[in-house]
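Working notes for the structure below.
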């Protein structure tokens, strides 16, 4: 809006020329956005090209399975789905415990395509959902940044987000996880919030609550929104920026958003009962009090107002104290203070490692290292501070939101690697602002310095986006520059009155601006060199992102490849094992494995598992952990009591696959020991060191996990050299008495054992064997037996 | 052994006379077989029987029909029967294929089933001719023991009769049985019986009346894997833009002795000759030449262990299942490939088009229990008709593929119990107007056009209520 306005003021004849230029700019930015979308989509296809169109990793397999169920059975069966294939014998209510956003999105896309007679399989739709939504996310970033700092910054931020490695890591083709759609929903919700804040339109406020609803459907990270927006509102109120626009942006969001959030089964009454949401209600009350005060201030004389304030403050303080005391008492009565474990570990980073080993055991819940920042956001890490500074010049409601967003997300990403994902959009937005401001300043000064162009400089200055933002400061209603006088006349007429008021000041601004420009202009050489350097920096970022997308983040992790002198080696052992289970075991057989492989087993092998990646029942996981860390007989008894027929272990010792069960074993001991105290971690450690060689403790060498992993391993090379631990194993020759090997994959990465049927009881024999075991086994094992939870 | 044989003889005679009196008028007993030689090949799991018959017309009237008889237990496993007659003399002999059709006779003894061979030229009285008959049995080797461990070898039973079952008098007959190895646990002796190396010889037996039989049982080692495709669905999709897309869905099972107990990878890898000898490690599919975009996958993704070799005459796809198949183990997979259309689609004289494609399963040495061939014709094609060299069940379906409106006609053909010799060509004729090829591009173009028009219209219409 500002651009055509100032130009008409300066040179009236330029008006038509500028309209054409703006229209051209609009078309250009449309095509740039289209290309950004294509870029965001195609940079994520490396996994399909290098590997295949397949679902990745662990959680995506569950989402894929749910989507299959949804497309096969329909939405009502989906809400009522009780899954008896997992958590045997407990089962799991899927409809009420899953964030349905992703599934419903992919299901809708599939349904739409099929009703147009485009017969894509559910798998294909699931694989490509994430890249599609990352294109949407970059468009949403454009919109958000445009609201904050104009179209130039928007385009830059969108390009940066389209290929930020942190986001690529969660949204490559096949990575069918909640985050894929949630990041789009997050950015879009923020955009609509800023848009409402800038326009004060109730229409956008309603859209904002719907976007928030979509976010709640998609990801547990929605609590970030419902805490960040209140924080921003509070910030605005404290810094004296309260306006009716702020009220419209916030109050409908809380009311509608909370109502809508409560509709999602997995959230339900949590939307009003847990501490994560309390901040929003508190700020909701505050904003009403503030609104009321402003209203009263408007109708009372200043003297009367002062009296009223003292009266209200004294009464109000008393009431507030009482309410807060009640709230604190309520919250304190619950053991976790009303916070969920994951949220608590965000506030207190040491919480999980102290109390919940199951959260601490997940690698993506660990704090990140410095290199991972460089890996995931690369040069953005250096541009972010510049962007924050740019946000303060000048500070608007919108730019203060961006500052708050980047500050909180930096903190959260410092607690959990996984939340680097929330940081990425914020980093892109601030870096986009920084880059675009820098380009503006540099190109502006080059333009200013170059002879011949300098006469136009005054006019051009009016069009640069930095100017737009300055104008935005005065009139927050800055409209899209491409909005010509032809369309949306009605909207324009509404704003005319306001502009009339501001026009004289704007005119004055233009004159002073030219002066300012002259002062701020950099020398030609310096600006040219720094422009070049910025381009090099951008190029470095692009190269890094493409490398990250192609090499680091595109491996599907269920199929591994290694390059050696004699060509490409493919390790497809996981699917070999799952396929074997699927076709050669009974449909109702139960398979026990560590919980990492639960989702994959149910999705790929279609067999019932005991525990899976939805770690909702710690005791159940601890039972499996206990069985894995017990000696063979005790383990057999635990598994037998759980009706388990097959035990699956992942073993990397033959080919050197490091994330196998032996390396995860200490977590099994810890989690098992957390519930069943007879499993003690020190029993498995020799002098505090975890080892499986000849120095290992007898408890370690006799536990089930060791035996199942290394059974007959010595026969492969004669020495039993473990390539992951880089040592020869401690106990090489042993027999299994209660388990038998039924399948081992080609590279030994997955080994499946069957529980032997219980022996027929012959009176004399059982007695004999019992006395034998008790006499032969150490006191520790007999102690184990007594404390065995399954007796 | 003697007593039951005599009993069957007596029974046979009784039946013979009974039949003789009941159907005197039929030319059945005017024929006699002067000599018969049968070679049974047991080397793979498909039992191949080559029968050479010298047929003589001893009656007075010429006849052109010759009957073959099969016991009911064998007829269920019978996959195919072919008959050839030698023409010409001495060196210039050529083989001519004859029609063979299953026939029902009103009073067949003990449920015997018949196939009739139709001679091209009627056999006059007193003349004789030589017929070559080839028939194949599937699922006729019964593993015994039915379950074996990983390192044991696979032993099977084969049951047959030492005498050829025939409605005609056979003057002289001999049967040769070839086993895959010299390891034969036991076999029934019907004197004279000889065994030398991998071959056993029953006979010669002289002058046996119609329907005589003498059961034999051979117990021998057969370590070849028994690949059985329980169900195969082949979908052939014709696109007139120049491509023929074939998708084949397999449910493969190892039909040999069931695997029992432990599977040890270390033994399997270190002693491949001793351990798991009868396991199914790889399969070879013979695909048409000029095949492209071949894929091999199953429901959980691509299977990386396959090789494709192509030359100008054929393409060979060597595939390995995800895991070696032991007896009773199953695997499912999908093979898909594209072919240039001009190799398979032709225009016939009456302005119709026809597809000429192979019917059976491209995997070598594989039995298919149930095969469904679906030919998806392009949208808008009419009057489909299929010509298949053997009887199949047929019906039509409709399939909706990319942006179809009326759907594509699908000719579905089903057949049970197939062997590789069913890989003969079949034809599907249909009419198709080339203008239909443009339907979908035009539809897309108009949809986009309408979309843009709507956009332009939206931008130019002022919908505001208040000016």
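Placement of Cβ uses the backbone N, Cα and C atoms for every residue, glycine included.
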Annotated range (TrEMBL: region 'Disordered') out of A:457-510, A:511-564, A:565-618: A:457-510
From A:278-296, A:335-353, A:354-372, the residue range that TrEMBL assigns the feature transmembrane segment: A:278-296
A:58-82, A:308-332 - the one TrEMBL records as transmembrane segment: A:308-332
Which listed span TrEMBL calls transmembrane segment, if the choices are A:180-205, A:414-439: A:180-205
PLDDT averaged over the residues of the domain 'STT3/PglB/AglB core' (A:588-647): 90
Whether the transmembrane segment (A:379-412) meets the transmembrane segment (A:125-144): three or more C-beta pairs under 8 angstroms: no
Secondary structure content, the domain 'STT3/PglB/AglB core' (A:588-647) (per DSSP, counts of residues): 33 helix, 8 strand, 19 coil
Whether the transmembrane segment (A:93-113) meets the transmembrane segment (A:278-296): three or more C-beta pairs under 8 angstroms: no
Whether the transmembrane segment (A:278-296) meets the transmembrane segment (A:211-235): three or more C-beta pairs under 8 angstroms: yes
Distant-in-sequence neighbours of the transmembrane segment (A:180-205), which means Cβ under 8 A and at least six residues beyond its ends: 101-102, 105, 129-130, 133-134, 136-137, 140-141, 143-144, 147-148, 161, 167, 170-171, 211-212, 214-215, 218-219, 221-222, 224-225, 229, 243-246, 248-249, 252-253, 397-398, 401, 405, 421-422, 424-425, 476-478
